[in-house]
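A.B. asks: Please find one structure pasted underneath; my questions will follow.
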């Protein structure tokens, strides 16, 4: 055997002795579901499995309550209960001394069950501003929530919320608008959409009850002057007609009763109507 062949054989034997697992297949760990959104205090069934034929050890790591429902050599089925907050479940298996793991992300949500719309003020003059406010109590996660404000079928405003927003607070969206003549015939409403598709959940929607504005035309200064003048003239005519009727009545009475009767009537006349 040549020296080159001898060296090649030596290297091959060394590799077999020092690296016995170099040809060993890499195994995988799977978890079902990979992600899911649940309501508070819910329970969830989780399946952990592996491609390793004879795993040495395996299981599910979580701080929540768990029960092993069933198992075989390559899989374990658990019930996780009392889920009250977002959490990560970790499935793991060890095969030939090597450990692999896979995580399942669980999100806790509360859907929008009540959407409250407020118009302030409800009586608005044409051209004046008013505020539309939408409130949704106790909804989470807020970063998956969007509030839409509508005037009829027109979207006036949409409001999203960042991840930094605290959970289980009241979500609020406001929008300032200017009233026009047609607003008195339009419905205002709010739509809350909680989109949990990216978290392994569904889309939840809730509408507010529709509200309407009372719209009126503002009175200009010149119109106000005309109204005040007309009212003053009418009031003066009314007072004058009352005085004329009184004087005419007393004149007729004087003709019937004489001077004495007129003087007596004059004394009975209130001071306000005397010249």
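Each position is counted from 1, following the chain as shown.
Cβ from N, Cα, C; glycine included.
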A.B. asks: Swiss-Prot tags one of 199-223, 224-248 as transmembrane segment - which one?
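C.D. replies: Among 199-223, 224-248, the range Swiss-Prot annotates as transmembrane segment is 224-248.
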A.B. asks: Roughly how many Å separate the Cα of residue 82 (N-linked glycosylation site) from that of residue 105 (N-linked glycosylation site), to the nearest whole number?
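C.D. replies: Rounded to the nearest whole number, the Cα-Cα distance is 15 Å.
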A.B. asks: Do you know the mean pLDDT across the domain 'Ig-like C2-type 2' (127-197)?
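C.D. replies: Over the domain 'Ig-like C2-type 2' (127-197), the predicted model scores a mean pLDDT of 92.
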A.B. asks: With a 10 Å radius around each C-beta, find which of these glycosylation sites (82, 105) has the fewest other C-beta atoms nearby.
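C.D. replies: Output over glycosylation sites 82, 105: least Cβ neighbours within 10 Å is 82.
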A.B. asks: Taking just the CA atoms, what is the gap between residue 105 (N-linked glycosylation site) and residue 153 (N-linked glycosylation site) in Å?
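C.D. replies: Per the Cα atoms, residue 105 (N-linked glycosylation site) and residue 153 (N-linked glycosylation site) stand 38 Å apart.
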